[in-house]
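As recorded in TrEMBL:
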DOMAIN    77-327  domain 'G-protein coupled receptors family 1 profile'
TRANSMEM  61-84  transmembrane segment
TRANSMEM  96-123  transmembrane segment
TRANSMEM  135-156  transmembrane segment
TRANSMEM  176-199  transmembrane segment
TRANSMEM  236-261  transmembrane segment
TRANSMEM  273-296  transmembrane segment
TRANSMEM  308-329  transmembrane segment
């Protein structure tokens, strides 16, 4: 037993292969006795290694540049939304108040992923404290779950606005909005908080090298040399109780919305009702298709590791970059306000 570089005790289990050699056999034909290591275990590691994109380490320096551009676009776009929505009184409506929350979570998601990922890609800074890895894991998954909850709240807002427009303002009052957002945040923190707590109960790991560019729950659990069935079951429970529940409720909401829309007599009224939902539908499809692909491929799929890691990273960084564009293009008030901001900046510079 020896203490290794990662701050854990490393145990070697070996087998000796001993073969009898005929003394009369020529020297060059003899089989020498050899000792081969079979497995290595790490007890309570304090450091882990994130290797980035397995199989693409030789080009991940260049892969970092498009990811960096997407990350900058996401941060700037969501900051603009967070400036425009409070400043414009006509946007002080439930739909846009809800929109400000995922804008904040998207900025938090980029802040949780980007620094370490780009340190791996550009500076070969692979090592990370185990507790810091669990902290990153918590924030990434908690922010994802908060965004899922907000998408559900936005679907409920669209349902009330289209199916019961006269009671929209009386149902979604500021106090109700605050309670909904508090419930979404509490659900995410409590359920996702179980994941790092359960990982901390594991003590023996067969590796400290995580084949990922960030700390993902299943990527860490798969390192365990102990029975991790509880961790896997809990991960499935959290995924289905949040992402699965939210997706089913959103689908039910939109089935009721479509029924109400198709009952409208005038074609213009139907188009107007659909137009208020298109941005949310696009964001909903974008979020859940990528989310469930990442979720299931890590547990049950046989996707090549480079493909899986690339798509998982795209899933986390692309929606935050696209969401401000989708909502900005669809909303005339946001579009005009952003144009005014840039015109004022250009005028002040001149």
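Glycine is treated like the rest: Cβ placed from N, Cα and C.
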Residues from the same chain, set at least six apart from the ends of the transmembrane segment (236-261), whose C-beta lies under 8 A from its own: 141, 145, 148-149, 151-152, 155-156, 158-159, 162-163, 187-188, 191-192, 194-195, 270, 273-274, 277, 281, 284, 288, 291-292, 295, 299
Stretch contact, the transmembrane segment (176-199) with the transmembrane segment (96-123), Cβ-Cβ under 8 Å, 3+ pairs: yes
Any contact, the transmembrane segment (96-123) to the transmembrane segment (273-296), with at least 3 Cβ pairs under 8 A: no
